[in-house]
Amino acid sequence: MEEDEEEIYQGVRAHFPATFGKQSKPVTPLESLHNATRRPSAVDTDQSTPNDDATTTAKGFPSLSSSSKSWLDSLKNSNPSSRNRSSPNPKRNNDVVIGPPRPPLNSVNGDDDGDDDEDGMIGPPRPAAISEEEEEDGEMIGPPRPPPGDSDVEEDSDGEGEGRFRIPLSNEIVLKGHTKVVSALAVDHTGSRVLSGSYDYSVRMYDFQGMNARLQSFRQLEPSEGHQVRTLSWSPSADRFLCVTGSAQAKIYDRDGLTLGEFVKGDMYIRDLKNTKGHITGLTCGEWHPKTKETILTSSEDGSLRIWDVNDFKSQKQVIKPKLARPGRVPVTTCAWDREGKSIAGGIGDGSIQIWNLKPGWGSRPDIHVEKGHSDDITGLKFSSDGQILLSRSIDESLKVWDLRKMKDPLKVFEDLPNHYAQTNVAFSPDEQLFLTGTSVERESTTGGLLCFFDRAKLELVSRVGISPTGSVVQCTWHPKLNQIFATIGDKHQGGTHILYDPTLSERGALVCVSRAPRKKSVDDYEAKPVIHNPHALPLFRDQPSRKRQREKILKDPMKSHKPEIPMTGPGHGGRVGSTKGTLLTQYLLKQGGLIKETWMDEDPREAILKYADVAAKEPKFIAPAYAQTQPEPVFAKSDSEDEEK
């Protein structure tokens with residue numbers, strides 16, 4: 001019975017497809033998503049023409065320099081690994097490869113890939129392939145032999161398993177949101193969160209894991225009202241970050257953007273900076289200790305560097321005063337830790353570079369002092385991981401490479417790199433075979449903001465990549481885990497963070513959010529906006545209108561704003577008292593001419609009253625009728641000369 005029921009069920013189920021009852025959503029292939037973010041670069045279109053400085057594409061974006069391009073074309077080596085991966089554009093030419101050489105894969109796969117000769121590679125050439133005669137002699141154990149007479153390759157390819165990085169230039173996305181140039185950038189060590197600070201006084205936080213293709217930030221902060229954001233730095237454990245603004249107080253935030261504390265401000269009336277508890281003027285730069293998660297470093301315009309303990313916001317651990325030719329206060333424009341956190345480098349406003357080694361009993365006297373490192377303010381310093389190279393970037397349009405073992409003269413000076421921002425930095429590639437920096441836009445320039453790559457071994461320009469035709473490139477970094485390049489751009493009207501990546505080379509980061517489409521709105525998402533009645537919307541609670549305009553109108557009216565007349569005091573004429581004994585001109589003239597005579601002061605009052613005695617008797621009006629019955633005949637007192645004398 002059970003077998004019969006099972007056969008019947010299978011027969012009925014066979015009439016319906018396997019996906020019956022399931023609503024499958026259309027899935028957009030990743031290739032089309034990444035094709036939408038591809039850069040119009042010469043790496044893809046191969047529309048470059050040789051030039052002295054750089055080759056330019058049809059859209060004006062420069063690509064590889066002519067010297068480096070000829071060098072790349074001369075290296076006719078295949079790249080089997082890139083062909084095996086799925087790429088949205090299989091016709092990728094002139095791919096730039098950075099890092100030690102890859103071993104040939106023909107011994108493993110048995111596939112000789114010799115058609116991919118157009119791929120360019122940066123670094124030493126690949127070892128020679130094994131000939132058939134050597135294969136017949138016996139199997140070879142170990143890596144292939146290097147070509148004879150190339151001893152430099154052996155030294156450079158010690159870390160063959162590390163840092164096989166290629167420049168990811170094929171695709172690009174932009175994190176927007178700022179209204180001015182983005183001057184600060186920080187990517188945590190895991191590559192999941194990005195911080196960007198701008199001259200619009202705000203900090204935006206981006207999370208690749210929770211962000212979709214709209215590329216919107218999940219939080220916006222304003223650390224200090226009215227002060228530009230100058231530096232952002234993550235802690236070694238990526239649970240907190242440091243924010244340095246134009247104010248004198250740096251702030252510490254947790255990973256979610258909540259304020260943990262603010263460092264104290266010093267007393268500006270104390271002359272000796274070592275006796276103040278903090279900075280007294282605006283900060284210029286700051287960086288978290290690369291190893292210790294409780295220590296940070298800040299530099300300021302007051303001419304000092306300070307080391308702080310994150311657990312104590314009220315006082316610093318160490319105050320460093322740079323060495324100056326003349327006593328005074330010269331601003332410290334930038335600062336940096338080395339990789340182990342044992343040395344501090346500072347760029348001084350007089351153009352000098354000073355380095356302090358942290359050791360017991362160390363003070364403000366620098367261990368290395370380069371007086372005239374640059375002719376203008378230094379905007380960025382960067383140590384190499386091996387502690388041998390120091391890179392310095394300045395507003396004098398130069399980038400210098402220094403050997404820390406011999407700091408008298410730079411190893412190389414790269415000029416013609418415009419720089420108009422005090423936060424322009426310099427960064428290393430993950431394997432440190434390249435270093436990169438950004439350039440600013442000049443008034444009559446046609447190239448826009450560029451990202452320049454330099455070879456550390458040969459000390460020459462490798463590539464110049466156009467980022468923005470109108471915005472200057474300020475901050476840049478190359479994340480080792482994501483293998484993605486971040487570059488901040490902007491001008492007075494807009495700002496953003498450009499992320500360069502390659503779908504075949506990069507990991508996570510931009511690949512995660514680009515492939516995540518934004519959620520579509522449905523009918524259920526409709527919400528009627530409620531009408532909110534605040535107290536001032538009702539007549540009962542509405543404030544009385546202002547009487548200011550009405551008062552101003554009255555003051556301008558000559559009748560309403562006329563001063564009241566002063567009450568009369570003393571003798572006068574016509575209700576007015578004046579120096580001319582009359583307010584009207586006619587009265588004055590009549591008095592002077594004798595037509596108006598005032599005789600009342602010369603008459604006897606008694607006689608003046610008796611003049612009207614006969615008239616009062618004949619026509620009584622007021623007083624006489626009242627006494628008509630009691631005193632019909634009025635009796636006037638007669639004046640007696642005798643009584644008056646008495």
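Placement of Cβ uses the backbone N, Cα and C atoms for every residue, glycine included.
Look at TrEMBL and you will find 1-166, 624-646 tagged as region 'Disordered'. Sequence annotations record features per position, and here TrEMBL assigns compositional bias 'Polar residues' to 44-58. Annotation comment: TrEMBL describes 63-91 as compositional bias 'Low complexity'. The compositional bias 'Acidic residues' annotation in TrEMBL covers 110-120, 151-160. The repeat 'WD' feature in TrEMBL is assigned to 175-216, 276-318, 371-412.
Residues of the same chain lying 6 or more positions beyond the ends of the repeat 'WD' (371-412) and with a Cβ under 8 Å from any Cβ of it are 325, 333-340, 343, 345-349, 351-353, 355, 418-428, 432, 435, 437, 454, 456, 459. When DSSP labels each residue, the repeat 'WD' (371-412) comes out as 0 helix, 20 strand, 22 coil, counted as helix, strand and coil in that order. Mean pLDDT across the repeat 'WD' (276-318) comes to 92 in this model.
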